[in-house]
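> Pasting in a structure now, in structure tokens, and then I'll have a few things to ask.
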Amino acid sequence: MNNLCLYAVRYKVVTLVFSTIIALGGIFSFLNIGRLEDPEFTIKETVIHTHYPGASAKQVELEVTEPIETAIQQLKQLKEVRSISRAGVSIIFAETQEIYDKHNLPQVWDELRRKVGSVNGQLPAGCQTPIVNDDFGDVYGVLFAITGDGYDKKQLKAYAEDLRRELLTCNDVGRIDFWGLPREAVFIEIDRAKLTQLGLNPNTIFDTLNGQNSVTPAGAVQVGSEYIPFRITGDYTSIEDIANQLISGSEGSMIRLKEIARIRHDIITPAAELMCYNGKEAVAIGISTISGGNVISMGDSIDQRLQELQANTPFGINIHTITSQSKIVEKSVSGFVSNLISAVVIVILLLVVFMGWREGIIIGFVLILTIFATLMVMKSYGITLQRISLGALIIALGMLVDNAIVVTEGIIIKMRQGIGREEAADQSVKETMWPLLGATIIAILAFAAISLSKDMTGEWLASLFQVICISLGLSWFFAITTVPCFCVMILPVPKNNGKKKHSQRFFKYYKTIVGKAIDHRWLTLTGVIGLLVVAVWGFSHVKQDFMPDTNRSQFTVDIWMPQGTHINSTEKQLEQVEKYVARLEGVQNISGFIGRGPLRFLLTFSPEMPDSAYAQLLIDVDDFRRVPELKKNIQQYLDKEVPQVIGSVDAFKLGPGGGAVIARLSGPETKILRNLAGQVKKIMAENPNSRSIRTDWGNQIKVSKVDFADLRAQGLGISRPEIGSSIAMNFTGSVVGQYRHRDDLLPIILRPPKKQRNNIDFFDEVQVFSQAKNKWVPVQQVTNRTITGVEDSVIHRLNQKRTLRVLCKQREGTTDALFRQLSPIIEKKLKLPPGYNLEWGGEHEEQIEANTKLMSNFPIAFAGMFLVTVLLFNSLRYPLIIFMGLPLVVVGVAPGMLIADKAFGFMAMLGFLSLFGMLIKNEIVLLDQIKAELADGKEPFTAVVESSASRIRPVTMATFTTVLGMIPLLTDAFFSPMAATIMGGLSFATLLTLFVVPVFFSTLFSVRRPGVKHF
């Protein structure tokens, strides 16, 4: 290892060629490396959908949700199980523990499918087979809206399906899905009176249609050497075929269906989901990227294919971009690259000014070489360019020159002592390579806590540690090879050979102050303690947060109508809000999603589950800086002008985390849970900073309960299911067969005309067909009365306990500030009955979990740092001095955060922990020099003072390059809290280190100025 320096210096051509190859490889890697907006992380959650038509939410909960939950919760791999039981459907979310990643999750999901399959026999009659969806976390980075003037929804659907086939061939396309496609059916509309008059048995219609259109095996026969199958024709190929279908009448007569019914191919209403784009009907098409794919390459390929298809696009059809990750990534990456270049220029200029133009060019070249080499390693290991990895490069930038500065400074000092170039390079590297390696490892270990965290936040930030580890490791390698080579080639022999070191005025002042600080060590230490106390007090005034909002030029408006609201009413309400928003300055495009949230187009975005009372607007603006004011304006409009809805206007969050205060109530009885939720909502509403207060259960809904007359029904040979089927057929319609249309199987639905089925007054005219009596019977004969009542429309559970969440958000400030205001009051005033619990979820829970994971791993990293310092110095007192200086980072953090007006969140905490590694690195450089001068036999006091002076430039330069290199990150929403933390903490800590570490050393090693008393 020691010969690497001499080899690089003596074989200059090899070093130059090697550097050129790395530069070219870095450029190639940069042009071809995968690009994403945010790093990939695994959504460790799957969704189980089970339909149970006709069942209430409570029936779904007890008969479907509970058995499936009980089965899957036997899996030890699961962390938690959440469920939503709605009328007719059960939705269960199963989340795995953090230790499982994308490599072993498929095995977990396979085992979960087996558990779900084992429950099928326990589910009630009429319940459909559970569907396990483990693609729940797919991200559709490209989302288009398709509109068409003069085109109906069926035509838009047909065009979207054709477009999908064309786009599937584009580069790096993974999956294409639709949103808002209409559900189609063939409707047979028969007047109730006519059906009764003719005495037609609905089962006859069902059997005829189903039998005519079913696929029937007809066997095969050998003909010579061939085996030829039989195919029976006669299935429906058009709507006309259905219309001409013969039906047996009551007296054996044959009637064509069209003679008694209106048959048409149409859209099912009410729709399950509706979409609009700038006020026009639309459907959406979402496109995801294959794992590890280049989203920019995919976007370019899609744009090119759309351009090629333009000539064949029907007149009036328009494709609008709702979001395009490729364009966002391109803009984001170019912005980060611009910041990176700015940071590199700042660092090089700083080096040139304070070290000389030759030294600046050498270190600047090695810095760029390190970045190129880092890009090569990133590409080879599949690390993409995205927000976190690019930010990591900028964070590491200042530290990348530290090793080069120390080696260059050492070579210059040796040459000033009259030592030849090669010998100076060799000696400098031999003296510093192991301390620098130790310091580099410590700087890397400071970021290791995040790599050890196995939660979602840790996985999302994994590339931060990876890039810093790679780049700092390479910087050390180049510092002991390339730097000496270029120093020998470029640096001139200093003219002031033999001149006493550090004789300049600045160094004289510094040595005087350090000497006084050592002489008055207890006074100095008392002053430091006082600064720490003030810093801790100042820290209490710093805002707290988890993850900041993005700089995305989009935001959302969520609307919740009362539960049970018809989707058409929700659509009309959304139109009113949309018209207001469209008039606001800066608003460019508005996408509306009614009935559920859109496809997941952002990794950290969680779409809302299906609900006819829910709608969302996705709003594009011309400048992200307009978003805060627009949010405030629209929220005020919703609160004052549309009080019948619960509205929430929000920017997108960076990273995992919700952005809401959530009180989670659990217990057995729904009535008590609702009562407790009402108390929590009241307390939240009393806080003027609270907004968008709601519960995830919503309100109870009206139901019409039909009282079954058991004895009379039995006498007429009519069962409960037959009554239910008749009522369903008379209002929503009954499926009586299937019709093949293009690639789809459409249901054939039998129902009355619109004026009969959409009017509750027609209920008394409903007839039920008695198979036993072979006649129609009025519904009043088999029922007693119809009662209007209320019931829960949805029931949520968490780990098999009924759980009701009360949510609110802040109007101003941070979520954490609102939580700190609300939680003590709620916990004090809320009287919980036995068996009921209150827990806090939302952003608070996410923050606690992420911070706990980070802090639980930091002791491992901290122990590693301590061990490295022990190995470096073969002493316990040196490490003790180093770790005594670590609290100094607190002194600068609070002023830095307050001056920059940033909140102390997860990223700021990560920056705070990383400061330990940066400060230790500086302390090692300083203490190693003290140790070296003592080994040369110098008087202890002189050795401490002279060593401190000799390390001012490398230590301060390392700090300035790190601090000034962070400047571009101050404008980035995600990294600015970390940047402010590091800039403030490192600046103050380094300044104090240059004076306090010599005092610590003198105290522990009893170093005194000869003949001076100490205070």
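Our numbering is plain: 1 for the first residue shown, then up by one each step along the chain.
Placed from the backbone N, Cα and C atoms, the Cβ positions cover glycine too.
A TrEMBL annotation is a machine prediction, not a hand-curated record.
Got these off TrEMBL a minute ago, pasting:
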- 12-31: transmembrane segment (TRANSMEM)
- 333-354: transmembrane segment (TRANSMEM)
- 361-382: transmembrane segment (TRANSMEM)
- 388-412: transmembrane segment (TRANSMEM)
- 433-452: transmembrane segment (TRANSMEM)
- 464-491: transmembrane segment (TRANSMEM)
- 522-540: transmembrane segment (TRANSMEM)
- 854-873: transmembrane segment (TRANSMEM)
- 880-897: transmembrane segment (TRANSMEM)
- 903-920: transmembrane segment (TRANSMEM)
- 982-1007: transmembrane segment (TRANSMEM)
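Please go over these features one by one and say how buried each is and what sits next to it.
Below 8 angstroms of C-beta separation, residues 1-2, 5, 399, 402-403, 406-407, 458, 461-462, 464-466, 468-469, 472-473, 475-476, 479-480, 854-855, 857-858, 860-861, 864-865, 868-869, 871-872, 910, 913-918, 920-921, 924-925, 928 of the same chain, each at least six residues beyond the ends of the transmembrane segment (433-452), sit close to that stretch.
Tertiary neighbourhood of the transmembrane segment (522-540): same-chain residues 887-888, 890-895, 898, 904, 992, 995-996, 999, 1003, 1014-1015, selected by CB-CB distance under 8 Å and a gap of 6+ residues from either end.
Taking Cβ pairs closer than 8 Å, the transmembrane segment (880-897) reaches residues 528, 531-532, 535-536, 538-539, 541-543, 866, 869, 903-904, 908, 912, 915-916, 919-920, 923-924, 927, 977, 980-981, 983-989, 992-993, 996-997, 1000-1001, 1004 in its own chain, all 6 or more past its ends.
Long-range neighbours of the transmembrane segment (903-920) within the same chain, counting only residues 6 or more positions beyond its ends whose Cβ lies under 8 Å from a Cβ of the stretch, are 395, 399, 439, 442-447, 449-450, 457, 461, 464, 539, 542-548, 655, 814, 816, 847, 850-851, 854, 858, 861-862, 865, 869, 882-883, 885-886, 888-889, 893, 897, 962, 974-975, 977-982, 985-986, 989-990, 993.
Proximity of distant same-chain residues to the transmembrane segment (982-1007), defined by a Cβ-Cβ separation under 8 Å and at least 6 residues beyond the stretch ends, is recorded for 395, 510, 513-514, 517-518, 521, 524-525, 528, 531, 877, 880-881, 884-885, 888-897, 899-900, 911-912, 914-915, 918-919, 922-923, 926-927, 930, 940-941, 944-945, 948, 952, 955-956, 959, 962-963, 966, 970.
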> Is the transmembrane segment (464-491) packed against any residues at least 6 beyond its ends, judged by a Cβ distance under 8 Å, and which are they?
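Answer is 4-5, 7-9, 12, 15, 19, 358-359, 361-363, 365-366, 369-371, 373-374, 377-378, 381, 383, 388-389, 391-393, 395-396, 399-404, 406-408, 411-412, 415, 421-422, 425-426, 428-429, 433, 436-437, 440, 443-444, 447-448, 450-451, 910.
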> Among 333-354, 361-382, 388-412, 854-873, which stretch has the most Cβ pairs under 8 Å to the transmembrane segment (12-31)?
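So the stretch in question is 361-382.
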